[in-house]
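Residues annotated as domain 'Luciferase-like' in TrEMBL: 23-394. The FMN binding site annotation in TrEMBL covers T97, Y151, S221.
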Amino acid sequence: MTKQQKQIHLAAHFPGVNNTTVWSDPEAGSHIEFSSFVKLAQTAERAKFDFFFLAEGLRLREQGGLIYDLDVVGRPDTFTVLAALAAVTSRLGLAGTINSTFNEPFEVARQFASLDHLSEGRAAWNVVTSWDAFTGENFRRGGFLPQDQRYSRAETFMRTAWELFDSWRADDLVADKATGQFLRGEPGRFEHHDEHFDIAGQFPVPRSPQGRPVIIQAGDSEEGREFAAATADAIFTRHGTLEAGQAFYSDVKGRLAKYGREHSQLIVLPAATFVLGDTDAEAHERADVVRRQQVSGQTAIKFLEQLWNADLSGFDPDGPLPAFDPVAGENTIAKGRASVRMYRDPLATARQWRELAEAKNLSIRELIIEVTGRQNFIGSPATVAGQINDFVQADASDGFILVPHVTPGGLDEFADKVVPLLQERGVFRTDYTGPTLRDHLGLTTPASPA
Ligand SMILES: Cc1cc2nc3c(=O)[nH]c(=O)nc-3n(C[C@@H](O)[C@H](O)[C@H](O)COP(=O)(O)O)c2cc1C
């Protein structure tokens, strides 16, 4: 018997603050103006994507004490942007990254329940914990929580938010003009006491169309993966190669059974970048140009400093790697940057980079172009559609959160040329089958409390 083809899930990441984005490209527009958000969201909706995704950066990253142009600066508030987008889209899911370490469940639950109402059932919450005290300094209590406490807070934050969402039954708001009955009972009452939260009161927002927003999780640690297996509907990951994707996929799906959950209840979505061309050769040429745009000489030095944990501003990007090894100890040069945590063994990584540079005779800039963030999918529309489908059918993911390198028009070509090919193959929807994001993702809507 042939295995039934899996349906692919696709989301659009508004790239904003990251070094995938080529802000200097002649086609690039604002990362703050509303028209940019509208453009990308409407393109994603035209292409029948599952959802639009906003990341969150609560503090501008710094390196050597300075804000640097490796990242595009400026990220407006998530809820404000998503609520505005709800008015100019009608089916597309709206996913926002919101931190569980620095916020309060009452406030976040109220915001997501409101977004779910305004969008008629399209809200999703990417729950992140943040990893550094640097970000914590922005908040009143400052400081930070160690890893295990961050996740125990996240877990209880989530459960508390669920209690708030469930504090209204679906039919508690009666508003019967004939009988004059407005409410049934006393909806919204809650009381929650644990080591993190000590709250009681009345939740002001009636039950929203999805009951609870879709939950996305993006932590990669042991605790993060467990948290996702226990509570999330989808997981956002960096594991975008076939081998790493398959290992991650079977790892997180394998954790579901002990929480009494099915394989299909956690959707695995790696971030992915792409470059298209009329032919594969043209796409590869374009990809090389994009990589050079993404990694200027100055950017190459900044990247190298992140591994070396040292000021390398005196080095020539067109010259060889420093003769000395990375500085041991906690990385203090780059602040607020998640990717620095990937260098768990800087000496071993530096050794690999040195071997590669010597073997291929690469300068610092050429090496950085080679070892950081090469595009996941490069080729003609047919090639890219084939690669994406193969990846999903091989259980390396259930789809992708696509990160275009140009804002806001970087998804147009994909929408016009790749999506129709996926549709022809029968692996991507030709239209939405229901109104809510849970419908798009094939997730059930949590039952209203009786
Ligand atoms: C693909 C991906 C995207 C992420 N995006 C964000 C983000 O936009 N904002 C944020 O604060 N954290 C983001 N994170 C980090 C967190 O999700 C997570 O809270 C953090 O890495 C700490 O968890 P961990 O120790 O389990 O990795 C992202 C992580 C991944 C893997």
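Cβ coordinates come from backbone N, Cα and C, glycine included.
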Please check each of the binding-site residues T97, Y151, S221 and report the ones with a CB atom less than 6 Å from an atom of ligand 1, ordered along the sequence.
T97, S221
If you measure every Cα to Cα distance among T97, Y151, S221, the residues said to bind FMN, what is the biggest one in Å?
18
These are the binding-site residues: T97, S221. Which one scores highest on other Cβ atoms within 10 Å?
T97
What residues, ordered by sequence, lie under 8 A Cβ-to-Cβ from Y151 (FMN binding site) and sit at least six positions away in the same chain?
T129, G219, E223, G224, E226, F227
